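Participant: Feature table excerpt (TrEMBL):
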{"type": "COMPBIAS", "residues": "444-459", "note": "compositional bias 'Basic and acidic residues'"}
{"type": "DOMAIN", "residues": "5-69", "note": "domain 'DUF1899'"}
{"type": "REGION", "residues": "444-471", "note": "region 'Disordered'"}
{"type": "REPEAT", "residues": "78-112", "note": "repeat 'WD'"}
{"type": "REPEAT", "residues": "128-170", "note": "repeat 'WD'"}
{"type": "REPEAT", "residues": "176-217", "note": "repeat 'WD'"}
Amino acid sequence: MSWNPQYRSSKFRHVFGKPASKENCYDSVPITHSVQDNHFCAVNPYFIAVVTECSCGGAFFVIPLNQTGKLDPHYPRVCGHRGNVLDIKWNPFNDFEIASCSEDTTIKIWDIPKQLLTKNLTVCKKELMGHTRRVGLVEWHPTAANILFSSGYDFKVMVWNLDTKESIIMNPVRTITCHQGTILSMSFNTNGSLLATTCKDRKIRVLDPRAGAVLQEANCTEHRANKVLFLGHLNKLLSTGTSRWNNRQLAVWDQDNLSQPLSEMDLDGSSGVLFPFYDADTNMLYVVGKGDGNIRYYEVSADKPHLSYLTEYRSHSPQKGMGVMPKRGLDVTSCEIFRFYKLIASKGLIEPISMIVPRRSESYQEDIYPPTAGAWPSLTAQEWLRGMNKGPVMVSLRPCSELLSPQPLLPERPPSVPTAPSNQTGKVVVEDGRRSFSLVEEKVPRQAAAEHRPEEKTARLTNGFDMECPPPKTENELLQMFYRQQEEIRRLRELLTQREVQAKQLELEVKNSQMGSERF
């Protein structure tokens, strides 16, 4: 009997990892030697932040993304903590605001200047003081502005409302005290209405973050969970941990029933912690092992076996931590669907690794770039605290695209969250080099309105640039503009050819009619 393997068709089967060249890496960076099982790196489209060693308290670097190469030994640091920094996270709605937590039991919120740092930044914007022991994790709410979660070694998860004028906040709006050990990881679902945690007791808990109540709890002795992650809109959880035989393991759970895992997958017998990263837009799961040199990636589905192995990126350099670029910072012209920033502590190197879908066409690939979460909150802090839930504001990664979700309530956004100035026509322009989005609210559908107002489709050009799109500022934007112009030229040539054919046909009809009239 012959063996017939079952192949699963997938557009991501041939995804490959492409490391950056030496000149595009960040060299001579003194990466922290902390043994904490965290990422130690946070990335957004403007900066990369990495925890570093410091002789007096804790500190981290904030490096502009385009400042690659060797780092100056005297480069300024953000160093206001009295103890080692354990975790850092960028505000998803403000690319110039970052949160950090430390062994000194405090959380600090920092405003990063738009120009380069010229000296050490020691004065923070806000300081949160509520934990009695060191704080190991911080996490921003995915849809509500100015809501921050923190967990400490006092076994507590605290919810903070930063929408206040106070620079020192002593009392959180909610303290969750259901854990019996150190919290190892936290993860939100898509709209932020549920919070999943793993604890030192190896249990997985699904919580109501506003009430602090435990909705589900997994107590599976055969799988000792270390990290947990919500799998987007699949209503499932993924956890990484170890089996009873101390093999590293992945497990998929039903978020409404944590009595038994839906599926389990053993990987190997290494001892490093597995960090999962999930891309809800492509349903791809990336698994990174601390101390490993490889990155495994899978495709996730709602049906069994839930996890389908694709392939892995291999390297000889072990990773200390890993940062991830948000989707809005990817290079869509090269079909990049994910980007890691690998911390190699032994070399003092930060190496970008791009996950590429090989495509021959140079045009925008709509099928691998579905609508993704944008940089705008859909709720204010007070709305979320009152019990309202909303999904993220969705945007398209196509250059010069428009918001796909309803316009957020801009007047209610607190001053600390950047708002976009609007003009009389309803065009919202985002500062700091971001793309501009049209936020005009129409009472009729866009397609119907376009049919009734065909003159609005005409682009307004000034000095060769489309006024609906900003001039290109980077090489990638220049390439995208070039491709759009080529497509427009092609379209105009086809239109010109059609008009010439129509003119010739009309000329023949006129001649035939004249000849017919002369005969009579």
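Backbone N, Cα and C define each Cβ position, glycine as well.
Unlike curated records, TrEMBL annotations are generated automatically.
Keep in mind it's a predicted model, so treat the numbers as computed, not measured.
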Participant: Counting only residues 6 or more past its boundaries, what in the same chain has a CB within less than 8 Å of a CB in the repeat 'WD' (176-217)?
Facilitator: 37, 136-137, 139, 141-144, 147, 149, 151-153, 155-159, 224-230, 232-233, 237, 239, 241, 253, 255-258, 280, 384-385, 387, 389-392
Participant: Should anything in the same chain at least six residues away from the repeat 'WD' (128-170) have a Cβ under 8 Å from its Cβ atoms, list it; otherwise answer none.
Facilitator: 36, 38, 83, 86-93, 99-109, 176-177, 179-183, 185-188, 190-192, 195, 197, 207, 209-210, 373, 377-385, 389-392, 413-414, 416-417
Participant: Which sequence positions outside the repeat 'WD' (78-112), separated from its termini by at least 6 residues, show Cβ-Cβ distances below 8 Å to it?
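Facilitator: Residues 32, 34, 36, 38-47, 49, 51, 54, 56-62, 120-129, 131-140, 142, 145, 148, 150, 152, 160, 162, 326, 373, 375-377, 416-418, 432.
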Participant: Can you tell me how the residues of the domain 'DUF1899' (5-69) break down into helix, strand and coil by DSSP?
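Facilitator: Tallying H, G and I as helix, E and B as strand, the rest coil: 3 helix, 24 strand, 38 coil.
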Participant: Counting by DSSP secondary structure, give me helix, strand and coil numbers for the repeat 'WD' (176-217).
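Facilitator: DSSP classes over the repeat 'WD' (176-217) add up to 0 helix, 20 strand, 22 coil.
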Participant: Return the average pLDDT for the domain 'DUF1899' (5-69) as a whole number.
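Facilitator: Averaging the confidence scores along the domain 'DUF1899' (5-69) gives 89.
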